[in-house]
């Protein structure tokens with residue numbers, strides 16, 4: 001859909017830097033349950049929390065690996081690029097392949113499947129190192145919208161080893177190809193980047209993301225194993241928190257548009273000018289803020305909310321220059337006959 005704005009990675013890295021110091025320390029390798037071992041990717045940072053969580057799943061010699069780690073200098077938030085454009089020409093961080101290969105060797109384990117939650121480099125970047133270490137895994141890499149040489153994952157597909165039955169669940173929104181994985185023996189869900197152990201995630205498509213959160217909740221899983229952060233002990237509660245957070249942003253947006261439109265009839269911005277521009281929305285919601293903050297942080301986030309509401313036919317917009325586009329709340333009677341919303 002046209003008009004969406006990419007998130008600016010460097011800005012968000014600086015903006016989120018402060019939360020690193022408040023995160024709990026996670027062990028490099030941890031048995032988080034009797035059938036799940038978490039191995040950190042060695043890439044802690046503002047965008048990755050304590051680092052990418054990779055998981056070995058099963059109880060026998062043969063295990064399932066969920067996610068690899070990070071490509072060197074990978075850009076986590078290049079959400080505007082399609083999966084097919086991401087070329088893994090660089091090897092991953094050496095600390096991750098060292099950790100996992102040592103663990104596999106020490107415990108006499110082998111991998112039967114390598115499942116990738118989505119295409120972002122902090123989840124797929126370790127694949128070249130893994131194949132260099134174990135060439136026999138070349139036909140065991142699985143990803144939705146697979147890269148060359150990889151196998152596809154379909155919604156509902158089952159992967160089984162001794163002690164673990166893992167079912168793939170298609171959950172787009174954070175990325176177009178995002179998959180979660182349900183561990184049936186534990187009624188647990190590997191949540192990928194859709195739900196994190198700390199804070200909130202970002203969405204490439206907010207409408208699909210909200211739908212996916214609902215799909216995840218409908219599974220009724222009690223435990224969440226996120227791709228970043230600590231184990232989620234109460235996944236239903238966390239999912240409700242995520243959905244309420246997003247819904248709160250939608251209510252705030254609708255309230256702002258409705259209020260400003262009503263005031264516009266008295267001569268302020270609003271209906272008299274055919275709605276509010278993005279900059280006017282920012283001022284109405286947050287007051288005067290630096291333009292850099294608007295362009296690099298608030299605008300992309302608020303546009304996701306606006307497009308979601310437009311798809312729900314709760315707001316409309318005047319077609320034209322995306323930067324000058326005017327948005328307005330729809331009243332109930334206009335929702336089914338308004339022009340200017342995405343189909």
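Backbone N, Cα and C define each Cβ position, glycine as well.
Annotated Zn(2+) 1 binding site per Swiss-Prot: 118, 120, in sequence order.
Here Swiss-Prot flags 122 as active site, proton donor/acceptor, drawing on sequence analysis. Following the DSSP three-state reduction, the secondary structure of residue 122 (active site, proton donor/acceptor) is helix. The local packing around residue 122 (active site, proton donor/acceptor), expressed as other Cβ atoms within 10 Å of its Cβ over all shown chains, amounts to 28.
Annotation comment: Swiss-Prot describes 122, 123 as Zn(2+) 2 binding site, evidence class similarity to another entry. Around residue 123 (Zn(2+) 2 binding site), the same-chain residues at least 6 positions away in sequence with a Cβ under 8 Å from its Cβ are 52, 67, 68, 69, 70, 116, 117, 192, 193, 227.
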If you count, for each of the binding-site residues 118, 120, the other Cβ atoms lying within 10 Å of its Cβ, which residue has the minimum?
118
